[in-house]
Amino acid sequence: VEESPVPQTLSSLLPSSPSYRGLTLVLTFLSYTSYHLSRKPISIVKSQLHLNCSALGPNPHNDSNSTTWCSWAPFDGDNYKELFGALDNAFLVAYAIGMFISGIFGERLPLRYYLSGGMVLSGLFTALFGLGYFWDIHVLWYFIIVQVCNGLVQTTGWPAVVACVGNWFGKGKRGLIMGIWNSHTSVGNILGSLIAGAWVSSAWGLSFVVPGIIIAVVGVICFFFLVEYPEDVDCNPPLHHVMTISEKDPEAVISNEGPLSLSGQSSVDHSKSPKEPAEEPEAISFFGALRIPGVVEFSLCLLFAKLVSYTFLYWLPLYIVNVAHFGAKEAGDLSTLFDVGGILGGIFAGLISDYTGGRATTCCVMLVVAAPMLFLYNHVGQNGIGVSVAMLIICGALVNGPYALITTAVSADLGTHESLKGNAKALSTVTAIIDGTGSVGAALGPLLAGLISPTGWNNVFYMLIAADVLACLLLARVVVKEARGWCGPMARQRGYVAA
């Protein structure tokens with residue numbers, strides 16, 4: 001590797017392409033870990049904002065018999081559940097709306113600047129929520145506005161990190177690599193819970209300020225060390241598709257002109273590099289990204305898959321308390337097994353889809369199996385701790401596996417589709433469209449569960465099963481294309497693949 005043409009990046013000190021790829025994985029992993037770490041405190045602090053103060057003794061300020069004198073106004077009233085719901089939806093709705101435009105900006109701005117700036121702003125708004133404790137703020141609109149702003153700036157993260165990883169890793173092993181890499185979500189949730197829990201009872205403001213500082217610091221580190229493209233440091237793009245069309249992967253033939261998986265011929269001809277100033281392509285438009293085959297189908301599929309995943313995220317502990325009659329702490333600990341299953345499911349989905357070349361088929365099969373497993377968990381999942389542990393891990397793997405695959409490897413595949421003719425400026429936009437659509441489901445799922453749960457938990461699970469079935473149906477056309485791609489060499493040459 002020659003001397004880096006981007007001297008402002010301290011990463012130029014690294015000696016080889018594998019070192020840069022490892023650095024990219026580590027930095028993007030830490031980046032999105034810190035994003036999730038900064039989102040988690042609100043779920044931990046809710047219990048402190050509205051307490052049953054009778055356990056603390058009489059009100060030291062007066063002789064009233066109020067049981068909420070130690071709660072934090074305005075969350076000390078009987079409508080505190082609605083107010084907490086408003087906080088959650090303020091973030092989720094802003095995130096869903098902002099995601100659709102975030103990728104467009106990401107394609108037109110240097111990813112390193114865009115990601116680092118977004119992380120610093122995310123740290124600022126996360127800390128501002130906690131500073132409400134130290135500034136003694138009791139106005140609901142302050143917390144709502146901070147949540148909306150935080151939801152908007154946090155949309156900078158996902159399109160940027162997926163684009164960076166996609167730029168360095170070709171399609172051949174992208175599913176497995178991204179499946180392992182995607183564990184940052186669960187790692188961030190766990191670390192966020194531990195950090196927020198350390199101060200929740202003493203000074204809950206620090207439960208937000210400390211994660212805010214962490215994500216801002218990681219953002220500064222990314223600014224100095226993250227490398228967006230292999231060409232920026234005179235490294236060759238990844239060569240994962242040096243194979244003939246008769247080889248196993250039916251997706252190999254579509255990538256000869258792509259920037260992420262060049263053939264042996266295109267790797268020699270560097271004049272076609274998308275980083276050459278003379279041939280710098282224009283960033284793809286929103287509607288241009290929608291016309292890429294598979295984007296609409298996978299986006300709608302993710303809407304229902306993420307609906308199921310986020311319903312479990314927000315409601316699983318309460319379900320375990322109500323149905324299995326565990327304590328709140330035990331239910332919280334047990335619910336983390338769903339995230340453990342999600343890590344395993346993401347790795348499994350990536351590995352299988354790499355081997356078969358069928359991203360959509362892998363997602364569809366896992367969603368089909370998930371539907372009856374959700375039914376079984378609701379009816380027999382609480383018959384003993386052993387059964388509950390096993391069912392939670394299995395359901396977590398089947399629900400989060402397709403979700404992880406679509407938001408990582410599939411998004412990167414579609415962002416480098418053959419129809420782009422080597423244009424590298426589509427990864428962020430495509431990723432933002434897919435995850436933005438999924439975020440609509442993330443906002444709808446917990447809301448629907450809250451409306452349906454008073455009628456019985458069975459109805460909540462029927463809603464989740466229906467969402468899984470709809471997600472499968474929306475992928476039917478892409479699954480048929482993949483099946484045709486496996487039927488013979490001629491179909492493979494025509495590029496019948498998921499992306």
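Cβ atoms here come from the backbone N, Cα and C positions, even for glycine.
Automatic, uncurated: that is what TrEMBL annotation is.
Keep in mind that what you see is a predicted model, and the values were worked out from it rather than measured.
Features of the protein shown, as given by TrEMBL:
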DOMAIN    24-484  domain 'Major facilitator superfamily (MFS) profile'
REGION    258-277  region 'Disordered'
TRANSMEM  83-106  transmembrane segment
TRANSMEM  113-135  transmembrane segment
TRANSMEM  141-169  transmembrane segment
TRANSMEM  181-200  transmembrane segment
TRANSMEM  206-227  transmembrane segment
TRANSMEM  295-316  transmembrane segment
TRANSMEM  360-379  transmembrane segment
TRANSMEM  385-406  transmembrane segment
TRANSMEM  426-448  transmembrane segment
TRANSMEM  460-480  transmembrane segment
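Spatially, the transmembrane segment (206-227) is adjacent to the transmembrane segment (113-135); three or more Cβ-Cβ distances between them are under 8 Å for residues at least 6 apart in sequence. Tallying C-beta pairs under 8 angstroms between the transmembrane segment (360-379) and each of 141-169, 181-200, 385-406, 460-480 places 460-480 first. In the predicted model, the domain 'Major facilitator superfamily (MFS) profile' (24-484) has a mean pLDDT of 81.
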